[in-house]
Structure formats: C-alpha cells, structure tokens
Amino acid sequence: MQTIIRVEKLAKTFNQHQALHAVDLNIHHGEMVALLGPSGSGKSTLLRHLSGLITGDKSVGSHIELLGRTVQREGRLARDIRKSRAHTGYIFQQFNLVNRLSVLENVLIGALGSTPFWRTCFSYFTREQKQRALQALTRVGMVHFAHQRVSTLSGGQQQRVAIARALMQQAKVILADEPIASLDPESARIVMDTLRDINQNDGITVVVTLHQVDYALRYCERIVALRQGHVFYDGCSQLFDNERFDHLYRSINRVEENAKAA
C-alpha cells in the first residue's frame, strides 16, 4: 500500500516544554485516520507539522514526507513546500473562510494554486472552474447556498464549505484539525459523514484530530492516540477498548490532580 504521509523522529519543543517526542508515523493512501488524545497531548501539533504550518526541532534524522515530497527535514521547510501543499486540503476548527465573500467565491479560492497569477489578481475564474465549484458544493449539500454570504451560515454549514474548498483544490490529502469541536451533535454528524464520503468514494486520504472518541470509533478504521507527546496507540479502532481509553485519559487526569495538589 502506498505511503502518503511519512513522519520520522519528529520532535517539537515550545519554551522548554517538549510537545512531541521522536514521533514515527506512516499513513497510507485511502486511509481515514483519527488522531486522539487529551488536550496538550500533541495531536494538533503533529497535524500542523504534516503540511509545514510549523517546523519541528532541528533533530538529527527528523523528516516529514507528504505525497512523495519532503515537507521538512531537521527543522527546515523544503524549498518546494508549495508543491506538496497544492494537493493538501487543511480544514481548521474555526473554518478559515472569508466572511465578506459568498459561499461560491470561498470555494473558488481552492483553485488559486492552479490559476495563472494575472487571473488571481482580478479574481477571474473560468466557467469550468465555477462549474467545478458548484459540483463541489453539491457533493457537500451546500449548492443552494452558493450565492449567499458565508457569514450568514451556521458553523456546520461553514465547515462543509471548507470541505468543498478542499475538493475544489483537488486535494489528495485532507488534514482536519478538530473540525467538529464547536459544532452541535447533528452538525458534527453531517461533517463527519461528508469526510467519510469523500474518503470512501474519492479515495482521498483523511487525517482528523478529534476529542470525541465515539466519533473516532464510528468513522475511522485506524486510531493514532497520543499521550504527552508520545504515540500511545496506533492500530485498528475496533481494538481501542475501554482499558486503553482509561489508561490514555484517566492517567492524565491523575497527573493533573497530583500537580494541583502539589
């Protein structure tokens, strides 16, 4: 099976606090993987490294590869980082949309990387690009809102627009950082259904950070759980049982309680 994401010996330190400890990880084509862990476990930090939003420590041998291209090596971004980012869709917890633009215009932003510079200066998109944007909105059930200002949408609707933008980008990998953290249960279900649909029907690799273990078990075949910057579990979601759950979360709570008591 083709390896889409390769992480070797990744470490990250923030102000003398080590957030990641020599993490190794391989993710294969077509997988839908959940990154789990308590707050501060390093899951979002790991995800941001995958597309080079942040760089790791200058550790000997550290290396991140995405879609066959080096993203960063020993704390330095690759010079051609834009080439790997061009096919990587990143979905943020806070949507990262332009509120003053319409839904359709926000989705068209996904085409900027493949659009000649002079056309981007005038926000000129071809009829074919606009048609593809409408098709992407149809896929996520948002085509009827195409000409509505994005600021008028609910959080769940905005998150689906962000997914449509990734489809417009023709992403081969989608990295979703807590995409349902601020959503009500029904909106969260729709967003996760949408991510699973494009994973299963388009073959797009999806890596998603989640706090909700039940969603990880329901939607992702593989779980990578982090605990204090270490990979605690990496395997089939069906084998992530109550004992592992308790050890991952309750032991962290005891550490926090002891620290407060001290």
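Start at 1 and count along the chain as shown; that gives each residue its number.
Every residue gets a Cβ built from N, Cα and C, even glycine.
According to Swiss-Prot, the protein has these features:
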type	residues	note
BINDING	GLY37, PRO38, SER39, GLY40, SER41, GLY42, LYS43, SER44	ATP binding site
DOMAIN	5-253	domain 'ABC transporter'
Query - Averaged pLDDT, computed only over the residues in the domain 'ABC transporter' (5-253) - result: 91
Report summary line: Note on ATP: the CB centroid of GLY37, PRO38, SER39, GLY40, SER41, GLY42, LYS43, SER44 has further same-chain residues inside 8 Å, namely THR45, LEU226
Query raised in the report: Here the binding-site residues are SER39, SER41, SER44; which one has the lowest number of other Cβ atoms no more than 10 Å from its Cβ?
Result: SER39
**Report entry** Lowest local Cβ density (other Cβ within 10 Å) among binding-site residues: GLY37, PRO38, GLY40, GLY42
**Finding:** GLY40
